[in-house]
Amino acid sequence: MFSVIKNDKHFNARVGFLNLPHGRVDIPCFMPVGTLGAMKGLKHAVLEKLECNLMLANTYHLYLRLGIKTVEKYVGLHNFTTWNKNFLTDSGGFRVFSFSDLRKIDLKGVHFKFHIDGSYHYFTSEGIFAMQEIFGSDIIMPLDICSSYGIDYNEANLYTNITTNWASSTFKSSKNRKEGYNGLLFLITQGNFFKDLRKRSINDILELDSPGIAIGGISVGEPREKYLEILEYSFLLIPKEKPRYVMGIGTPHYILNAIYYGIDIFDCFNPARITRHGSLLTDNGIMCIGRKEYKDDTSKVEKNCICTLCKRYSRGYLRHLIKSKELFGIVLASEHNIHYMFRLISKIRAAILNDDFLNFRTSYLKKYEEENFDE
């Protein structure tokens with residue numbers, strides 16, 4: 001299921017692959033977010049051309065906006081969306097818990113009010129697994145509580161215990177799965193920013209021996225130093241035989257630091273989100289295309305990029321589209337940013353294989369931090 005091809009000589013970075021039901025996924029892996037089964041503004045063909053073999057979809061949104069019965073009629077999410085590569089589906093717990101005034105937690109699950117239409121629902125750990133089984137998800141993520149930065153120890157302890165209980169019940173559900181379904185369950189560790197809670201959570205999750213481990217509840221508004229501290233601490237407790245997934249990170253510097261600590265998989269909607277403000281990822285920093293200096297700029301956004309934008313259109317034209325709020329501008333910018341992320345990951349893999357990750361990381365982060373990145 002999981003194999004490591006090369007470990008970096010100096011750090012914990014590594015290159016390898018996961019064998020999943022819908023094909024091989026090379027690691028390190030950046031996973032684009034396709035909340036409803038598609039990335040905003042992009043055809044599946046764009047991702048397929050980039051050899052994207054793993055996309056994240058959101059159980060919360062699919063359940064509430066589409067309905068489980070519809071997916072069941074199509075015999076799974078792959079048939080419904082015609083995406084023939086792998087899906088990782090998360091529980092949507094982060095979304096539920098972001099509306100603290102609209103939900104109530106108990107030992108079995110969470111009662112919540114849908115913020116769009118006011119309807120009431122109840123998610124349980126077993127129910128969330130059953131939904132994702134119907135989806136035919138290649139990687140299933142259980143229901144968990146992603147707690148906020150700054151809460152007190154007692155609250156963090158309670159949420160950590162509940163998350164562990166939910167993980168245990170989800171694991172039991174995975175042992176009674178439908179015949180023929182062979183998706184993998186990755187369990188999530190929590191603990192907020194308290195090291196003893198992190199350690200206990202990881203040890204409890206490891207006892208269940210799921211195929212993969214996710215580190216949840218970081219990159220939630222904490223200072224970067226605290227993020228790195230907990231990331232390193234958590235990594236050291238997870239066996240190297242397990243694929244490691246950090247949830248919700250996707251900016252270049254966060255990815256490079258995660259790979260440095262031995263993280264294999266990450267996801268983030270940031271590359272698509274920042275295009276709404278005309279922000280483009282480049283090797284020279286984030287380009288804010290809305291600036292006046294680009295109004296009459298006839299050059300391409302980036303010379304070495306082969307996305308539709310960089311092959312055909314000028315900076316000035318893209319600025320015009322973004323300023324005019326033309327959807328086509330967002331589509332072009334989104335495709336460019338996804339191209340950039342996959343190109344970056346490809347360079348990182350090559351650097352690890354060539355024993356050059358130290359130089360690559362140092363030079364990239366130096367340039368990154370010198371530039372004016374408006375995230």
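The backbone N, Cα and C atoms fix where each Cβ goes, glycine too.
Zn(2+) is bound by Cys305, Cys307, Cys310 in Swiss-Prot, and the record lists one more residue there from His320, His336, which is His336. Taking Swiss-Prot as the reference, the stretch among 3-9, 206-212, 248-254, 367-373 described by the feature region 'RNA binding' is residues 248-254. Looking up the ranges 47-51, 272-276, 352-356 in Swiss-Prot, the one annotated as region 'RNA binding' turns out to be 272-276. Of all the binding-site residues listed here (Cys307, Cys310, His336), His336 has the Cα closest to the Cα of Gly92 (substrate binding site). Proximity to Asp267 (active site, nucleophile), defined by a C-alpha to C-alpha distance within 10 angstroms, is shown by none of the binding-site residues Ser91, Phe94, Asp144, Cys305, His336. Asp90 (substrate binding site) falls within a strand segment according to DSSP. Mapped onto three states, the DSSP output places Cys310 (Zn(2+) binding site) in helix. In the three-state DSSP assignment, the secondary structure recorded for Gly217 (substrate binding site) is coil. Rounded to a whole number, the C-alpha distance linking Ser91 (substrate binding site) with His336 (Zn(2+) binding site) is 29 angstrom.
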